[in-house]
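Undergrad: Summarising the annotation, Swiss-Prot assigns compositional bias 'Acidic residues' to 66-98. Marked as compositional bias 'Basic and acidic residues' by Swiss-Prot: 560-570. Sequence annotations record features per position, and here Swiss-Prot assigns compositional bias 'Polar residues' to 571-581. What Swiss-Prot records for 129-248 is domain 'BAH', and it gives sequence analysis as the kind of evidence. Look at Swiss-Prot and you will find 344-493 tagged as domain 'TFIIS central'. Per Swiss-Prot, the feature region 'Disordered' maps to 1-118, 371-396, 539-587. Per Swiss-Prot, site 'Histone H3 lysine 27 trimethylation (H3K27me3) binding' is recorded for Val140, Glu142, Tyr149, Trp170, Tyr172, His198, Asp200, Val240, and the stated evidence type is experimental evidence.
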Amino acid sequence: MVLSRRFAQVSSDEEDDVPITRSKGRNSASPEESLGKRRKRKTVKLYEDFEEKEADRKKKRKGNKEDEDMAEGDDDQAEEETNPEAEEEEDEEEEEKPDDACPVGDSVNVTGKGKGKRTHFNQFAYDGNTYDLEVPVLLVPEDKSQKPYVAIIKDITQTKDGSMMILGQWFYRPEEAEKRGGGNWQSSDTRELFYSFHRDEVPAESVMHRCVVYFVPAHKQLPKRKNNPGFIVRKVYDTVEKKLWKLTDKDYEDSKQREIDVLVKKTMNVLGDLPDLESEDMLVDQENVLKAKRSFRKVNISPVDVRREEDASLKAETPGSGAGISSEHYAILEKFDSLTGDAHRDKCLGKLLEAVQHICYIPENKQAGDEAKVGSDASHLEQDEKDTKPENGKDEKFLWPDAAVPQVCALENASHASLASDFQKYNQKMRTLVFNLKNTALLARRLLNGELEPATILNMSPTELKEGLTADETTKKEPDDADRMQMTSVRCSRCSQLTVGLRDIIQAGHGDRYQLECVDCGYSWYASRDEVSTLTIVTDKPAQGTEKEDIEKNLTSPRETNKPKDEALKTNDSNADNNPEASKKPE
């Protein structure tokens, strides 16, 4: 375009005329020559300009290429510099947080006030999923290098500012469960988690997704991983004591035990009846349970068989007698065909016979060769008879050994029937009976005469055995309150009965105070010394048909015990004059 525009300008007539007139003044050459030279110069100049332009264009093209190359390099470098930002933007776009968690359904409860107000729900929605209570879920860990946390949703709440929170009951992975002495608890299965009663509150947005957790008892086989994928729980982790317990242990608190039972039942409903472990596995498991429980449960020591020690130390006095039984008592039991065949039971029978022998009557004409002869300590037994024999002489009806053997055998049979399964309790009961029958003559007499049945004696407390009386009999023998109190002639202000007695005399302050109590209605009140200075003490009940005798008795204060008798009587008379109502007799 430039080139064509220049040729057009040179070929115009106006351009030709102007340079001619100017050249005439400077050159003397002819117009034709000058015109030819000028055209030639212009042509050369135009070609030179054209070549320069072409060269400039080539240079510009080269420069443009270099600039483009440099620009491309700069662009690449700029792209390299801007790539991290672009990647971060892309990551941010990929990690764009979903909508906040929101409750589902109506609220079920509201707790707290003010800033601490919480609204409770049964469900919440987050990231397109709905989560309910009692559902195990995976939670985002604090550190990305950690595995997701596992918890059961126990509560769903919404704070006053609208934030959703969940209360989770946590599971512990074996590498997270610390031991008290250091280190972590180990597991033989990578699926295993440890259940705990530790709870904590976290934002609802930390929930990743649901998961499956199976609670398998210790005596059941684990479900196959292929058929039932998910976590398994066989033990409970104590976050305080840093110990592990079995799911099947029954030492938890009632509420915690019910919680575990419900979780195990849910698992059994899903998996069905799992097969039991083999016997070897069960033995190993029981050993582990015993080792773990030694630290917190009282060790149950098996009862010691005392028979071995006692039977070994005691020798039979005769070749045919039982171990630990004297020849006399063995012969008596053999005569009455009362031997049981059990050495220990026969020994207990012999001791019971010996315990009641001191109240039995042994005829004087008994010969040394009789089966029921008295042993070497006969003189001692006779002395005991004299000491314990009652005044009415009823001991003579307890002939030895006829009156003793049937009752003693019945008592031992009743003890063995009720305590045969527990040798320790049976042995203790026999020792208690032998001791009390020896030291309480009333108990022995009531056993032999049939007043107390063997079953009744077995159920008597140590105090009752010592007294020889049951609780009902002891209550009947206790005197009434009226028998223990001094009855007065004062009339009760509540029931208007003349059954008021003096319960107590209280010494306090300036004078004595007397506590009066009505036997009929139980009403109690206090009276001053002046009011009760002269009281009527009711004597023993008279015979039927005779009038009651009233005796006036002057009650003196404990402070006046040291005063002369005349002075004390004078004081009481003056008090009676001042208070005539107190000295009145009932009509």
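Keep in mind that glycine also has a Cβ here, set from the backbone N, Cα and C atoms.
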Undergrad: Cβ-Cβ under 8 Å from Asp200 (site 'Histone H3 lysine 27 trimethylation (H3K27me3) binding'), same chain, 6 or more residues apart: which ones?
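TA: Set apart from Asp200 (site 'Histone H3 lysine 27 trimethylation (H3K27me3) binding') by at least 6 residues yet with Cβ under 8 Å, we have Leu167, Gly168, Trp170.
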Undergrad: Please tell me which one of the recorded sites listed here (Val140, Glu142, Val240) sits closest to Tyr149 (site 'Histone H3 lysine 27 trimethylation (H3K27me3) binding'), measuring Cα to Cα?
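TA: That would be Val140, nearest by Cα distance.
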Undergrad: Name the one residue among Val140, Glu142, Tyr172, His198 whose Cα is closest in three-dimensional space to that of Val240 (site 'Histone H3 lysine 27 trimethylation (H3K27me3) binding'); these are the recorded sites.
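TA: The answer is His198.
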Undergrad: Where does Val240 (site 'Histone H3 lysine 27 trimethylation (H3K27me3) binding') sit in DSSP terms: helix, strand, or coil?
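TA: Its secondary structure by DSSP: coil.
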Undergrad: State the Cα to Cα distance, in Å, between His198 (site 'Histone H3 lysine 27 trimethylation (H3K27me3) binding') and Tyr172 (site 'Histone H3 lysine 27 trimethylation (H3K27me3) binding'), rounded to an integer.
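TA: His198 (site 'Histone H3 lysine 27 trimethylation (H3K27me3) binding') and Tyr172 (site 'Histone H3 lysine 27 trimethylation (H3K27me3) binding') have their Cα atoms 10 Å apart.
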Undergrad: For a quick check of packing: other C-beta atoms within 10 Å of the C-beta of Tyr149 (site 'Histone H3 lysine 27 trimethylation (H3K27me3) binding'), how many?
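TA: Around Tyr149 (site 'Histone H3 lysine 27 trimethylation (H3K27me3) binding'), other Cβ atoms within 10 Å: 21.
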Undergrad: Round to the nearest Å and give the CA-to-CA distance linking Tyr172 (site 'Histone H3 lysine 27 trimethylation (H3K27me3) binding') with Glu142 (site 'Histone H3 lysine 27 trimethylation (H3K27me3) binding').
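TA: Here the two Cα atoms lie 15 Å apart.
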Undergrad: Around the Cβ of Tyr172 (site 'Histone H3 lysine 27 trimethylation (H3K27me3) binding'), how many other Cβ atoms lie within 10 Å? Please give the count over every shown protein chain.
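TA: I count 22 other Cβ atoms within 10 Å of it.
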Undergrad: Counting by DSSP secondary structure, give me helix, strand and coil numbers for the domain 'BAH' (129-248).
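TA: Output for the domain 'BAH' (129-248) reads 3 helix, 61 strand, 56 coil.
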Undergrad: Taking every protein chain shown into account, which of the recorded sites Val140, Val240 has the largest tally of Cβ atoms within 10 Å of its Cβ?
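TA: That would be Val140, with the highest Cβ count within 10 Å.
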Undergrad: On a simple 10 Å Cβ count over all chains shown, which one of the recorded sites Glu142, Trp170, His198 is most densely packed?
TA: Trp170
